Amino acid sequence: MKSFFKPLILKKFLWTLLFVFIYVLGSKLTLPFVDVSSIAKLNGDSVTLNYAAALMGGNLRSMSFFSIGLAPWMSSILIWQMFTVSKRLGLNKLSMESQEKRRMLLTLAIALIQSLGLVLNLPLKTVAGVGQGTIVFLDTLILIAGTYFLIWLTDLNSSMGLGGSIMIVMVSMISYIPQDIWLSIQELKISPLILALIGFFSLCFLYLAVLVERAKYRIPINKINIHNRFKKYSYLDIRVNAAGGLPIMYAMTLVSIPQYFLMLLLFFQPNNRLLKEGILSLAMGGIPWFILYLLTIFILAWAFAFINVNSDQIAERMQRSGEYIENLYPGEATRRYIHKTVGYFAFVGALYLVLVAGLPMLLIFLDIRYMRLGMIPGMFMIFIGMVFSIKDEVDTLTLNDRYHSLF
């Protein structure tokens, strides 16, 4: 806690407060030409999109400038990372400037699909002298501009504040999701006893989630020609859940993209029955959505594990620095061992996330109103990962302050 009151941390925290204020202010500015009183249901199927937007700094409840949030940008980063893992594509050989341009173009494509699909299904007001096409174009442009403004705000927070994009997402989650959970409790008329049990099990799960989040498997590392009493403290750490809670957050967003795309197609073919059924099946509560959601979490958890712990880079770095694992040759043998170990924990972590996010969501098949309560474990996983990420950043920034001068 003392680290928080260091001048550097306080300065960064004040900058973050300013950026959060700008974000909150922008999220209150409603899109022009939109009938706010008629957007509550967003064509009757907004639950999935609402949660996906909230998990990425967006807000579909008030249809503001930041309604789609950082979803296009964060989705493009994920897609790009998954492609750069493969050496065959050679994307990691491109210059940083070229990679950034391609990521931004991918962000633009995703933002265009989401913005256009959203605007075309909004209840728009008719204004004298302004055509429907002009209104759609302007609102789509504003939503895309809002996304790029948030990207810029995130970059500023990364360099001047704390948490980077995490702070925007955390504020979005805190602003809307607890309120939704409380409304569900009131709507379902849950008794105080059941509510107390939910609170107790939530605390137990919170404790378990923190343990899993910080749990690590340590591989002893030796260095050539270095023998000292500190040798036993040299390890390669692999987290048990290397992906953290990110797969749950990204899964909700990626699963919502097909729904945006179908909404876009439905505007041009309003009587297409297949499109309407597709939108309904991809809404929360449907079996296709549930299967796709869990499958996406599993795949992302597996992918994130290999992205976060790249066996090729680790083996190459160890070989250059003269490090080796006991009874293993440096190079290919070391790479295979690390890859196999990461694969094992990737499977364990993916299975853990699927159980944590999937089992509580089975409640929605009893009553869709349980959906918000079923999301609580997943929200805990996401939030815990964000909190520890900020804590690690603060610890890194104050690392030098832990050492004192001898004179």
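Glycine is no exception: its Cβ is also placed from the backbone N, Cα and C atoms.
Some features that Swiss-Prot has for this protein:
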TRANSMEM  13-33  transmembrane segment
TRANSMEM  65-85  transmembrane segment
TRANSMEM  104-124  transmembrane segment
TRANSMEM  133-153  transmembrane segment
TRANSMEM  158-178  transmembrane segment
TRANSMEM  192-212  transmembrane segment
TRANSMEM  248-268  transmembrane segment
TRANSMEM  287-307  transmembrane segment
TRANSMEM  345-365  transmembrane segment
TRANSMEM  370-390  transmembrane segment
List, by number or range, the same-chain residues at least 6 past the transmembrane segment (192-212) whose CB is under 8 A from its CB atoms? 185, 240-241, 352, 356, 373, 376-377, 380-381, 384
Long-range environment of the transmembrane segment (287-307) - Cβ separation under 8 angstroms, sequence gap at least 6: 48, 78, 81-82, 85, 241-244, 246-248, 250-252, 254-255, 281, 339, 342-343, 345-347, 349-351, 353-354, 357-358, 361, 364-365
Maximum Cβ pairs under 8 Å to the transmembrane segment (133-153) among 13-33, 104-124, 370-390 is reached by 104-124
CB contact flag for the transmembrane segment (370-390) and the transmembrane segment (65-85), at least three pairs under 8 A: no
Counting only residues 6+ away from its ends, which parts of the chain sit with a Cβ under 8 Å from the transmembrane segment (65-85)? 23, 26-27, 29, 31, 52-53, 56-59, 91-92, 99, 102-104, 106-108, 110-111, 114-115, 118, 142-143, 145-147, 149-151, 154, 165, 168-169, 172, 250, 253-254, 256-257, 300, 303, 306-307, 310
